[in-house]
Structures are given as structure tokens and as C-alpha cells.
């Protein structure tokens, strides 16, 4: 297959990303790690985190082998699957795991170094923490693009240049997305349960019962809590965004192959366009990363502006670059498609701003939650849930507008709905998602920076570095909470757009599976009693053939089950956190009771036991909900066919998206309402109001860090599984 | 039009229902009201409730007049609406309001009488309370059928017997459903905010801060709390179920008119079939009501069995009767359709059982929530939310199975999907909903009995009737909580099925509107460029014409907005309860502080002020969310057309149903977990665990009594509004 010269930008960018990541890593490692005590604590956390990751990868590895064997059986024995699928699936999982591993390794090395750098000044602290976060960001995008480039080159060798070749190649590559999704779900769920079991457990006994501050070394769960920040927030989030990043690029490439199937050479250029936008995004992210710096006596506002400057410059540059890229690739309607990219970028920013409004203590919603603590914990919960539910409006309306606009822009600003315009419109929606995620290198850096600063604060507290240093790490930490809100906007917005693109890829994969079946002698008869030829059918024909309309009870049932799946999944993960936290609470209580002098700081708490409890709970509890996400779409496919699966995916997407926003925002708002009280409002630390907001924060922990973010992945994993299992579905 | 003789059973049954209701009312009124103090308290509650209802009806009356004027404008000036609509809309609201008024009047007269009867024995107490509940049940079904019968007769005079006549009549009658829905939404939301503001407020200060028991006369919010039980649980629930009852009958009649349009006389029989099943259900409900009695030394189990006996006998009889009715009406495939009725009945029972499993303290989920109180309020909340989310599985799977089965049964046990079988299948789904609700007379009696027993307990407590009597009323109250679970199963299950039926009616109404437009000179061109004739098009043709497939971005956006609407609506009502409860808390705190000797029982609390606060908050807060439910479908229709509206309705239905189950079950489980602790488990009353479960119960109050049940109505109101506004939608 003739791969255009421009494509080589993709592997080059991925190598540069990895090289820059290595450069920042070495730079960070050359920093001092601080006092004996600081090094010791960092070592504890690092060992705990690595032990967890090892255990996690062992379990997930087994799951991967089982699934890969099933795929191999489907491909080589049943012959209802592309033969490359088992390998693509495995590499997706492997690269995602690698991204998590490198990111976490960096983060655990960086925390003590950040705390130590903060001793010399705020700017030094920011620089170390942020550059370490950048390692994570660059590793994720670098590995993602590398895997995409490698598979594209390999598959390009084996398929020659017919129209169908690119469609087959791109949909095969999507299965590597399923590997990434599966790995991400386990990482998010396992990490989420781990971190929140430790966090909730530590808070419940430490802050509420024993009245000792956060990260106090007397609390046996502190180390586990700090390990949790790394395994949940760094490794989990890395895997999550790796999956979003690859998913959006791959599904858009697949949509490009379909939409431009009749356009000769332009088909190839449409396929590589999203990859090249992502590649250019890497260069711009690196520029943005270098722009982040601040002056020594920086206020919170300065810090925020400094991070914002880096991200915004990258975003503006990528918007401009998209016009250039699509123009140079000579894609039809390049202006319209560039506006689609712009739509995605703007939507991400609006969702981020909305998230900030509903979760930051600078605005009324969170302030009201803090105020409701005057009437006790119950009103804090009621208010927080109410606020979270109301906060779904902005993201849903924004995403709806983005879908409509990127569809229209991709169709010369027209909203017609024939088969051709639907294909083009979907490509536009996909490329909007790519636009949103193109600057992931830097947005993820600002995200991953948060837990590093958080851990640095923990290290400073446990090493008793004194008020001044703690204040600096606190400033860095608070900053991380705000940037996380923006990052979440991009993550969730891109998840919705990507899921839509995957829905279209599903139809494409059904088409391929049916063509394969026809080649083997199967005949399909449509409603009118005529022979249905999948090879010549367009997207509208498939909708008619399978009657994927809203009057088909199978579609409606699928939608019901999809909506339920989101709730069930959240319920299971919430329950898991509740159970795990309870065993943690009991353990901490036992240590307070049985270890003499522990509360006076004389006895040494058994940190290891708490780490073990978190690890064990997380491993035990993550299996069932994660497998459910894989099993539900397969079962629906076998029982209700294509119509049922599409209903399932739409139901899961709409309910899941809204539920995810609700949970993330309620959790964020509770967290900041507590911080607001801690800053001296409504009685300040130790008051009744403070205790009430701690209840809110504790409930919010699994909302925002376990169940909510896992939904992003659930939505896409269900689509990925459906795509990969298309061959099976059409047999029923 | 020739109305068959069998139809006259419908008005006869409705009159009998009303006569029996009057009979039970007189019987109850002939009971003694007890001591001076009891009478005084009952009078307080009665006056508060009536004052609220008066205020409520005033506000809602204004809204109704405005909407009716708009309809009149559409009908007589724009000519895009049937001229009967404004009147049908008004009577629906009026009859629903009447049902609420009579039910509440009865309930407020019954509470002291129940308490007094309980002084003479448990059986006497049960009889008075249950027969009073029966007044509510019979008034609702009687008024509902009466309104249906009247309109059917009136419209029958004006339209002659063409195939289209019955379609027009039945869809016109649906607008009377919109009147009922609008009234129900205001009643549920207003009543729900009222009752929970009072309840939450009373609990937060009374139980948690001042440590005085529930219903203690020293608490200034007690009277408001008792008033709230009447306006929320009696009047609100009555309006809610009135709306479900009429909605299911009317939409099924409309579906019958379409499905049997080519069947000559059978069309008429298919239209009246759901009405006759409902009429026979009334007779059977009355039989069931007479069967409810228990022996004097009855245990909880005996009581439950006694109520269950009455309901089950009615349910079994209606199942048998359906076969007879459909056979005698000579409906095609009467066996299959009877099985559809059976499916609906069984699904209702399964959902009820599922609800009981997840909310009753006899089972593990609620016991686990109670146990989690040992680690504080945060774990109670986490566990309760997790449990509620998991509990959505049974209802969703059951409803999905019921949809599939009733569809298949109605099609000679076949799952094919052409235009004819879709129409027949939808009729089957509708008739399943009618089956589910046919015994509403008795199920609503067991439901309405709950708040009466609750109020009787309150009266006994405030009148200091002593331990023994209080124990009896407590037994009656506890029983009410369990029967409420079953009742909720029927309410929510029927709401889902009815909403599906309404979705089909929407397509029918679009057809009528388009035919009207064609008559006035409009031409429609389909995708292929041909002229589209709505008069000869079937349901599949409409799906194709408007491209209501899952690949149409308008459908997807509609689904997103529908899902969001459910969350937004809950968020707004939760917020309203939070705000209202907070002002109540502040008022009660003020009275405890300022009125001398109040906590020693010497000073008299200012009950009136609390009643006033609840009333004012409820009235102020109910307007915005309720109007939103009306505005959203209109706005979506104007922006995204028919495809968008159908997406909206499906998104709202699937998300809303799941969310409603989650909230109702979490709330119920928290309530019973608290009761479990109060019975002496985990430290019993006054312990730390008790306080933790009170937090759960307080959060659960708006979950289960405000936001959750309102969603049932929201789902249907959005469909009703879309149907009534169809003429407007096709103009855009």
C-alpha cells in the first residue's frame, strides 16, 4: 500500500514525545530527594505502588490471555474474526500498561523531589512537579501514536490498495483500542477502589474519630493513601486517557476510510489526517510545556495563569494548524472539517469552564454546599447531589451543540441526512474529538501534576518540613484540583464524541462481517423479501435492514439495558469502595487500639498491613464489574442482534455520560466545599460544619475518583466489545 | 357512532366505584374521633392540609388557564390543533384535582379515627385505616373512568364511523391525559417539596440536635410534617396514579384504533377493550377490599398476609377475567393479547418483589446499610447509593422482558417487525400496562393506607395515648411501608410501559397533523424526492421519512437531552427540598431558642409558622421544574423536529426510569435501615449508629418522596406534551 510521505510525521512525533519524556525524567531524577526521612517515606510509597502495579498487571494479564485465546479461536477456528485481532488486542493492552508503569514510576520518584524543591521556592516546586507530570503526558501520547503507526505500517504491507483495504485496516486497528479500553477499565476500577478505600478509611478514622490531620504519620493508612494517589490518579488516569486518545484517532481513521471510500487517493489522506493532527499536537504540546513557568512570589492566580498560558497557547496553535494540515492534505471541504476541529476544541473548553463553575469554591454552587453544612451532613449530601445533577446541563447541551455543529461543518455547513452526508458528518464528529484531544500531551501534564503535588504535600507533612514548605505544596496541590476540572472536561467530552464515532464504526464492522459471511455462502433477505447485498449497501440501508428505528422494541430494550448498565456499574464500584473502606476503618481502629502509644507518636503504625488491605480489596473487587462491561454487549448482541446492540450503546452513552458528569461534579464540589470550611469559613477546621463537609467529601471520593471516571471507559469499552464481536452478533 | 353495548359497563363501573367510595367514607365518618386533644390535633392537620391544597390549586389553576388559552389559540386561530383539546385538557386537570381533594379530605378525617379505633384493637384500626385508603383508591379509578367514558360518548356524537374517526377520538382524548399529567406533576413536586421540607426540617433539629422523638408535640414542625404526609403522600400519589391509570387506558385505546384500523368493527372493540378491563378491575378491587380483615392478636406477618390476600385475589381474578373479556369482545388473537395482560401483571409483581428485597430490613441489602452505620454516616450514604444503583437491575430486566413478551404475545407469539406487527405489538405493550393497573382500586388503597396509619401514629403520639396504642399504630405504619414498595413497583412499571405506548401515539398524532396540513395544501417530499402521503403511510414509513434511526444526530442529541432532563429535574427538586428544609431548620432552631420553656413542654410552639414556611417554599419551588418539563419537549420539537423529539422521549424514558428506581430504592432502604437500628440493632436509638442512619434517612426523604416519584410523571408528561404539540412540531 502506498503510504503518503506526510504519514511519517506520525512515528517521528511519537519518538520525539518519548525522547522528551525521557529528557524530563532525567532532569527530574537529577534533583535532590531531600532529607533521610523524606527519602524513606518516598521509598515506602514507591514500593507500595510498584507492588500494587505488579499484582494488578498479573491479574489483568490473565484476563488478557483468556480474551486473546477467545479471539484467536474466533479468528482461526470459527473464521468470524480478522486474524490480526488477537495481536492488536494484546499490544493495545501492553502499551497502555507501559504508559501507566512509566507514569507511575516517574510520579513516585517525583514527590519527594517536588517537596524538596519547594523548600527552595514555589517556582522550583512547580517546575519539578509539572515537568514530571509532562513525562506522563508525553509517554501516553508517544506510546499511543507509536502503536498506531506501527500497526498502520504492518497492516499496510499485507493489504493492497483497494477501497476496502483501508476500511479493513482501520477497523482491525480498532481492536487495539479494545485492548487499551480493557486495560484502562481495570486500571481505573482497581486503582479507584484502592485509592478510595485508603482515602475514605484514613479520613473516617483519622480526621473524624481521632481528630488528627490529613497525612499525619500516626495514621496507619497514610502510606496506603499516598500509594493510592499514584495508582488511581496517575496510573489509572494515564490508562484512561491513553484509551481516549487512541480511540478517537482510530475511530476517526475508520470513519474517514468509509466516508471517502469513493474518493480515490483522498481516502488515504482522510485516514491519516487525524493521526497527523495528533502528531502536530505533540510538537505544540512540547512548546506549551516549556512555556509553563512562574515568578517566585506567585499567587494562586499567577500559578493558574501560568499553567493556563501553556495549555491555551497549545490549543490556539493546534486550531490554526488544523486548517493548515487539512488544506495541505487536500481533503475535500477542508475548511468545514477544520471548523469541526475547532468545534471540538471549543466544546472541551466550555465543558471545562462549566465544571470549574460547579466545583470551584470561587462560585456560588460550591459555596452553597459549604453553607448547607450549618444544618448538618444530610443537607450537605442533598445539596451536593442536587448541584451535581443540575451541573449536567452545560456539558450535555455543549456536547449536543458540538455534535450538531461538527456534523454540519463537515457537510459544507448543511444539515441534510442522506447516506453520504451521514458518513461525512460522522467523520466530522470524530475529527472534533481528535481536535479536543490533540493537545493531550500538555493537558495530561497539568492533570498528572496534581497527584504529584498532592503526594509532595503528604511527604512534606510526614517529614515534618514545617509550615512554610507545607503551605507551598498546598498551593501547588490546590492548583492541581482546578486544572483537574478542565482536564476532566476534555476527558468526558472526548469520550462522548468518540463513543458516537465508535457507534458508526460498529455499523461498518457489521458490514465487513456480513460481507465475509456472504463470501462464505450466506444470503441475507430484507423486509421486502429481496436479497440484501452488504457490499453495496450504505449506512441508511443497514439501518433499514436491521430496523434500527426507535419503534423497534429491540432498540428500546437495548437502550433500557444500556442505561441500567451505567447505573449497575456505578453501584457495584460504589459498593466495592464501601466494603474496602470498611475493612480499612476496622484495621486502623484496631491499630489505634492495640499498638501502644500510637496516637502520641511513640508507637509505629503498621503501614504495610493497610497497603495490603487496599491491594487485596482492589484486586478482588475490580474483576466482576469489569467483566460485566465486556459480557453485557456480547449477551445483548446474541439475544437482540444488531438493533439491540445499537440501542444498548446509545442508552449506555446518554445515561452514562450524564451520570459520569453528575458524579464527577458532585464529588469535586464536596471536596472544595470542605476546603472552603477548612480555610476558616463557617467555623473552620474542627467545627461541626467541618465534620459535615467531611462526610460530603468522603461520599464524593468514590463519586469523583472511582465510579464517575470509570463510566467514561465503560461507554467506550462497550462500543469496542460490540465492534470486535460483530462477527458473532450477526450469527444470531 | 355506534357504541357497543359492552361499553356501558365503563360508566356503570365508575359510578359504582364512586358510590362505594362514598359508602366507605360515611362508614369512616361514623367512627368516633377520640379525645378532645386528638380532635384538636386532627383539626390542625386538616386545616393545614386544606389551606395548602387551596393555595396549590390556585397556582395550578392559573397555569392551566394559560395553557388552555394557548391551546385555544392553536386550535381556533392557527388551526393546528383539534378544537376539543382545550376542554379535554381542562377536565383532565379538574378530575385529577378532585381525586386529590377527596382523597386528602378522607385521609385527614381518618387519622384521628384510626388512632381512636386502634385503642379498641388492632383489627379495628386496620379496618378504619384501610377502608379510608380504599376511598382514595376508588375515587381515583372512578373519576378516571368517568372522565374517559364521558369524553368517549361526547366525541362519539361528533365524529362518524370512518376508520380515522376512532383514531382522532382516541388521540384527542389523550390530551385529557396531558391535563392529568400536568396536574399530577405539580401535585407531586409541590407536595413532595412540602412534605420533605417539613420532615427533613423536623428530623434535623428534633431528632439529631434536640434529641426528642419523632412526632413529639414540642417540635414546632410536627404539624407541618403530618400535613405533609397528606399533601405529598395522599394527594400527590393520588394524582400521580390517576394520571398513570388514565394514561395507560387512553394510549392503549389510541393504539387499538391504529392497529385495528383495517379490521372493520373490531377496531371499536379493540378501543373499548382496555376500558372494559379497567371497569371489571373495579368490581374485582371492591371484592378484594372486602376481603381485607385480620384477627385481633395479628402479628405483622398476619397483617401483611391479610392485605396481600386482598390484592392477590383481585390480581388473579383480573387475569382470568381478561381472557374472558377479550374472548367475548371477539378480538383477533385474544389468547395472545390476554397473555400480554398477564405479562404486565406478572412484571408488576416481580418489580414489587424486587423493590421489597432491596428495601426491606428482612433482606441483606438493607441490613448491610444498617451495618455500615458502624463506620459513620458517609459509609451509610455510599452503601445506600450503591445499593440503589444495583437495584435498578431487576426492574429494568423485568420491564425489558415484559416489553418483548407482550409484543410477541400480541403477534401470535412471533417477533417479526413489519409495520403491522409493530402496531399490534405496541397495542400488546399498552394492554400489558392496563393489566398492571387494572386493580389500582385496591393497590392504591394499600398505598394510601400508609400515610393514614402514619398520621394516626403521629396523632397518638401527640395526644399521649400511651405505649400500647402507639405500638399498634406503629405496626400499622410499618405495614404501610412494605405495601408501598409493591405499589411503587406497579406505579413505575406501568409508567414505563405507558410511556412506550405514548411514544407510538406520538407517531400517530404526527400522522394526523400531517394529514391536516396536506388537506390545507402542504406537500411532503421524502429522501428519494418522491411525494410522501401521510394518509397511506404506515409506522415504518414515518420512521423512514423522519429518519428516526440511531445514526441520525438529531435522534442522538434528543436522547442526550432526554437523559439530561431527568437528571436536571431531580437536581432542581433536590435543591428545592434542601433550601426549604434549611429555612425550616432555622425556624425550628429559632423557636427552641426564643420561646421559653418549649423543650420542657411548657411553652407552646408556633406550629402555624412552620406550616406557612412549608407552603410558601413548596409553591415557590414547584413552578420552575414543572414548567421545564413542559418547555423542553416543545423546544426540542421546534429545534430538532420529530426525530429529535423521539430521541428525547426515549432518552428521558430510559434514563428517567432507571434514575427513578435508583432514587426510590435508595430512599426506601435508608428509611428501613434506620428503623432496623431503632429496633435495637447496632446500639439502638440514640447511638452513634442511629445518628448515622438518620443522616441516610434524611437524604433518602427527597430521593423517595420528591424527586424519584416525580420522574414517573415527568416521563409521561414529556410524551403527552409532545403529542399535543405535534401540530406545532411539523411546522418547523
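Backbone N, Cα and C atoms are what each Cβ position is placed from, and that goes for glycine too.
Remember, predicted model here, so these are calculated numbers, not experimental data.
Range with TrEMBL annotation transmembrane segment, chosen from B:57-78, B:189-210, is B:57-78. Checked against TrEMBL, the range among B:224-246, B:247-269, B:270-292 recorded as transmembrane segment is B:270-292. As stated in TrEMBL, the feature transmembrane segment covers range B:626-650 out of the listed B:526-550, B:601-625, B:626-650. In TrEMBL, the annotation transmembrane segment applies to B:334-352, one of the ranges B:30-48, B:106-124, B:334-352. As a quick check, the transmembrane segment (B:334-352) and the transmembrane segment (B:165-186) miss the bar of 3 or more Cβ pairs under 8 A, pairs 6 or more apart, so the two do not touch. Within the same chain, the transmembrane segment (B:134-159) stays apart from the transmembrane segment (B:713-731): fewer than three Cβ pairs sit under 8 Å, each pair at least 6 residues apart. Sequence-distant neighbours of the transmembrane segment (B:84-104) (same chain, 6+ residues past either end, Cβ-Cβ under 8 Å): 21, 49-50, 53, 57, 60, 64, 67-69, 71-72, 74-75, 135-136, 139-140, 143-144, 146-147, 150-151, 155, 172-173, 175-184, 187, 230-231, 234-236, 238-239, 242-243, 246, 448, 724.
Counting Cβ pairs closer than 8 Å to the transmembrane segment (B:270-292), the top stretch among B:6-25, B:165-186, B:425-445, B:489-507, B:555-581 is B:425-445. In the structure as shown, the Cβ atom of residue B:484 (site 'Determinant of potassium dependence') sits within 10 Å of 26 other Cβ atoms. Counting only same-chain residues 6+ beyond the ends of the transmembrane segment (B:555-581), those with a CB under 8 A from a CB of the stretch are 189, 192-194, 196-197, 200-201, 204, 547-549, 613-614, 617-618, 621-622, 624-625, 628-629, 632, 636, 640, 643-656, 659, 663, 701-702, 706-708, 710-711, 714-715, 718. Non-local neighbours of the transmembrane segment (B:489-507) in the same chain are 171, 174, 240-241, 244, 247-248, 251-252, 254-255, 258, 344, 347-355, 395, 398-399, 402-403, 406, 423, 426, 429-430, 432-433, 436-437, 440, 443, 539, 542-543, 645-646, 649-650, 653, 657, 660-661, 664, 709, 712-713, 715-716, 719-720, 722-723, 726; each lies 6+ residues outside the stretch with a CB under 8 Å from one of its CB atoms.
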